[in-house]
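Have a look at the structure below, then the notes.
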Amino acid sequence: MILANAFCLFFFLGEEFYEASPYEPVTSRLSDIFRLASIFSGTGADPVVSAKSNHCLDAAKACNLNDNCKKLRSSYISICNREISPTERCNRRKCHKALRQFFDRVPSEYTYRMLFCSCQDQACAERRRQTILPSCSYEDKEKPNCLDLRGVCRTDHLCRSRLADFHANCRASYQTVTSCPADNYQACLGSYAGMIGFDMTPNYVDSSPTGIVVSPWCSCRGSGNMEEECEKFLRDFTENPCLRNAIQAFGNGTDVNVSPKGPSFQATQAPRVEKTPSLPDDLSDSTSLGTSVITTCTSVQEQGLKANNSKELSMCFTELTTNIIPGSNKVIKPNSGPSRARPSAALTVLSVLMLKLAL
């Protein structure tokens, strides 16, 4: 006995707690199926009508309307309910095989609705728990130790692969919005359904409509010094926020929308626009001010408009602070030198010209 326990201890210590999934990662999402689930669950409809509906019963009715779903469901119900003898309630091996065929060959829009339907009362939740015929496929006379059950599962390559896939896609992540790896509900729900029909078959532990707790049929009694590892393994089912959120989200038809991460762009500032200088420093000697400036200034003065920083009014301001020599296009700044014409002379010439025009 001591030798056997020592061998088991060595066997478990030599294993990895989490193994890599041999399956390709699931990149698609269940948006369409979640929308269908919201329609059938009555999300967004009259709350009173939705509360009275048995969505798990509705899911079973929908399955019966699909030939493939109806055929394979009837098959596993018949096999799993077939009693072999007074001491043997059913043939579990055949029951598991029929369940695997059902979940592998029937589209998830039917199977997920039966497994993850939302419930408002105990009758609905009990129907959900009974989906996989747990008296044959799940329960047993005694609960084995969870690490022993894991060891049995890992001796079968397919069961081992499905368990590794479950851990890869449902292991709680505290770096995502949904607590699921990559915020992918579909990957977790698919991995959970993939374990049904094996020694590690999980199921709802009770028919409570308010709390969702799932577990394999096992406990951590008799774990000895491996109790901590056993409890950790069991919590991946019973206290898994990713799995719980995924089941609730599907039942309510509320898939998560995660925006794809893209490169972050810094806000670009608009190019700085230099204000137009109040004096025409950018004007060349050939700049013609003439009548356009005078007309603008006259208009401004007549209308009593306030000056702003527009180029026309800057030029107007320029006209009032510079001298324009008649017959020349040059702009002369005041006090630029003795040889330049004075303001009084320029005004005199302008007055004479205006008198001649008047006559």
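For all residues, glycine too, the Cβ spot is worked out from N, Cα and C.
Annotation comment: TrEMBL describes 276-287 as compositional bias 'Low complexity'.
Summarising the annotation, TrEMBL assigns domain 'GDNF/GAS1' to 56-136 (among others).
Each residue in the domain 'GDNF/GAS1' (146-242) gets a DSSP state, and the totals come to 53 helix, 7 strand, 37 coil. Residues annotated as domain 'GDNF/GAS1' in TrEMBL: 146-242 (among others).
The region 'Disordered' annotation in TrEMBL covers 258-287.
Annotation source TrEMBL lists signal peptide at 1-22.
Taking DSSP states H, G and I as helix and E and B as strand, the domain 'GDNF/GAS1' (56-136) has 59 helix, 2 strand, 20 coil. Averaged over the domain 'GDNF/GAS1' (56-136), the predicted model reaches a pLDDT of 96.
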